[in-house]
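> Dropping a structure here in structure tokens format, bear with me for questions.
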Amino acid sequence: MLRSCTAGLRSIWALRGRREGAPRLSMDLQPARRLFSTEKVIHKDWALPNPSWSKDLKLLFDQFMKKCEDGSWERLPSYKRRSTQESEDFKTYFLDPKLVEEERLSQAQLFTRGFEDGLGFEYVIFKNNDEKRTVCLFQGGPYLQGVPGLLHGGAMATMIDIALGSCTGGAVMTANLNINFKRPVPLCSVVVINSQLDKLEGRKLFLSCNVRSVDEKTLYSEATGLFIKLDPEKSST
């Protein structure tokens, strides 16, 4: 999409240049510019405040950053893409080479970070390792609408999956996710997802969470999940 838009703009600029006698930008400079811009976006930490964050989200963020000062909590960074080493390790141990298209995989981005600021998933996760729990602050943007004015249930399920997974502390995959939706979440509102690790059995991790309003008075959802820790010696390849 972005490539097609860029190509279209390039054509328009070229036509205008010929008609108006404006100097044309040297084409050999453009790839370097585009690459620099892409790299900057990829390595940006998206779990930090931006202008689209509401007052509630910013206030909660500041409160948890205070809790991080004594080391009991930590903010988890979030990027659009996994590091090159992580991606290579995952491909080596867990992906069937016959099912991987290298060109497509090189363009892959994290689903929840594929939206412009404020339009989709705005969230940050804080983790307490000693208590084996996380708190996810989530604001769902207008592109996540289901029923008019309400957040799509699938978007909420996605965030629950991410929040539970953040409690595991390793490479895992979701085996089971059970969600009880109590109330619909208003679009563009802020919710707090409290997750915890309940039990560990070998490679199986059992977790639970609840989704509440900022004032904690409204319970939107409750969920449980079973995650499996990935083992290179038992890879699918």
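Yeah, the Cβs are placed from backbone N, Cα and C, and that goes for glycine too.
Pulled from Swiss-Prot, these are the listed features:
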ACT_SITE  ASP161  active site, proton donor/acceptor
BINDING   ASN180, LYS182, ARG203, LYS204  substrate binding site
MOD_RES   SER37  phosphoserine
MOD_RES   LYS55  N6-succinyllysine
MOD_RES   LYS66  N6-succinyllysine
MOD_RES   LYS98  N6-succinyllysine
MOD_RES   LYS204  N6-succinyllysine
TRANSIT   1-36  transit peptide
> Would you mind pulling the longest C-alpha to C-alpha span across ASN180, LYS182, ARG203, LYS204, which the record has binding substrate, in angstrom?
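Per the listed residues, the maximum Cα distance equals 31 Å.
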> What's the CA to CA span in angstrom from ARG203 (substrate binding site) over to the residue listed as 'active site, proton donor/acceptor'?
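Pair distance, Cα basis, whole Å: 18 Å.
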> Have a look around LYS55 (N6-succinyllysine) and count the other CB atoms within 10 A of its CB, chains all included.
8
> Look at each of the recorded positions, LYS66, LYS182, ARG203, LYS204, and point out the one with the fewest other Cβ atoms around it within 10 Å.
LYS66
> What's the most sparsely packed of the recorded positions ASP161, ASN180, counting other C-beta atoms within 10 A?
ASN180
> Going by C-alpha distance, which of the recorded positions LYS55, LYS66, ASP161 is nearest to ASN180 (substrate binding site)?
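For ASN180 (substrate binding site), the spatially nearest of the recorded positions is ASP161.
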> Select the closest residue to LYS66 (N6-succinyllysine) from the following recorded positions, measuring between CA atoms: ASP161, LYS182, LYS204.
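So, of the listed recorded positions, the one sitting closest to LYS66 (N6-succinyllysine) is ASP161.
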